[in-house]
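Worksheet: one structure, shown below.
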Ligand code: UD1
Ligand code: M6R
């Protein structure tokens, strides 16, 4: 997820080196959001020049690049009494992570206007065609470039326009979402910043006591020009004078002054989240959608894109933000793992967003469309992964086989390589990975590429090695996962793989009703996950009162729930250090039953599907040996509700379609592993001996 950072100093002497360090430090604080490249824009040596430096990779790489510049190339000692600069970490969406696509993005070779942008401009193709028809040449694959070029185009029609009016004219043309910062050699030391659907805030640093702790919002009666490209291009694009109508409410700008009314030194920090600002100042102002911040000569003004609506707040408060950095990044949660578990209603929704048309029962995976005919013709599908990602393959294997009738095998990457398993040109090899960097999975990918198979990635990190080196794939769009224990990536991988199965079999008329059933089920998953998360208190108590003292734990599942049992066992062992084992319920009588007694905790999945009677029989076998299982079942399941006295706990989850039930059943296990670890005083996000991304064999 991209990160935005901007810095403006006004009558505060700062060397270029200091400014660069502030920018790089700001970007480093945003690193946790996940990104694949970064860049900065600062003043050049000539007043009309902006210098942009950007690199693919970590901020460290950008830092090294800057450090390698010679004094004559980049004079770090040059002092700027007033200066505006912007910086960005990019998580690639439109356009792969190449240097040319990194932000800041300039409007033209001279970088008259330079922008950084979070979000997606949905009408960028129309804007691009229109601007190309006016002679502009695009050099990046990004949607952001059309913003920079719009600034230049509208400015060139009317160079007398005020920076904030110009910004408004540009915004009238944009559709989509944005957090946006713009600087320009035509408006030295000024920055305009705005947001719609993407967070943006501002920090104020001054030695003076603030005389007011708010900023008035300025409204103007402007008419939005028609936005009908190709047919009736807007006035601004056609060289309208950009003059906005009459101002209907006056306002005071925020300005720091000394006793004689003279402007006093001030620094402004703009960012997509407070983590990069609170080091410098705790005085923070959160912007609303459609606010346009204009910083100019130490003055801060907030304009609105549209005229005032009834009841609209006309002030933006400057707050004293007391949170510490660590607290801030985790929000109200104690650990990233907990935060990520609770993000799942949103992250699962994001995996499906824009890809499923629930009205017409249609799935579109843009990254696979062209490859679908070839994949459909494959002789086999091999799913290759490690750890949790391997479990998401196991969880979805049977629905892929059922819908596609293509044989599927699921492989642990290391074992697959150890066996030197045969791979053929007509195999499709699916690599599932949160990080996209896991060494075993990468080696297996190379092995399959060498043998000419079709390679498909199902990856969270855009721009990662697996995402880049596979022929095609699906980004699961779960957002950055920081906790070592993979949680939200599992549910998103699971959904991406179900969508993969649905896409592959979309031409099958005979399966239409099964498709509809699954799609209806998927639509409800985010809210059903929210319902399961309500179990947290009950699970916390179960962990503190019973499980915490145990040394070992078994998880019983069969059919779709075998993968859930394995995933639950992995979560529990890696985070709470308790030995735990996922067992196929049908295998109980072939050995594992010997372990069962009144003490050993056993978690059994007894949600309703065709195997329910068989699972119940395994549970009966456990109870007959004095075991007191914890049963995960559907709400109001009569057979089980009567078993209260024989069980340690009954955890009820909503019912969904058989092949999706694992998405709900895994949530209590994630919570159990989390609360077990907490009750044992373990550093949940950084368990011993483990790394988030395993980049060694
Ligand atoms: C893409 C855009 C998204 C935009 C949408 C609609 C990207 C990263 N995503 O999403 O911002 O809103 O179009 O225009 O630009 N790929 C691999 N291997 C992988 C994963 C992906 O090769 O492991 C490839 C895909 O084949 C595709 C590209 O990466 O070419 C983007 O994949 P994905 O993000 O899943 O595509 P869309 O959902 O179409
Ligand atoms: O990034 P990947 O999905 O490729 O990682 C694979 C495993 O290393 C990972 O799932 C690991 O098992 C997690 N720590 C499990 O929570």
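Note that Cβ sites are derived from N, Cα and C of the backbone, with glycine treated the same way.
Per TrEMBL, the features are:
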DOMAIN    2-298  domain 'Glutamine amidotransferase type-2'
DOMAIN    371-510  domain 'SIS'
DOMAIN    543-687  domain 'SIS'
* To do: Quick one: average pLDDT across the domain 'SIS' (543-687), no decimals.
  => 92
* Pull the DSSP breakdown for the domain 'SIS' (543-687) and write it out as helix, strand, coil residue counts. => 75 helix, 27 strand, 43 coil
* Asked: By DSSP, what is the split of the domain 'SIS' (371-510) into helix, strand and coil residues?
  -> 66 helix, 28 strand, 46 coil
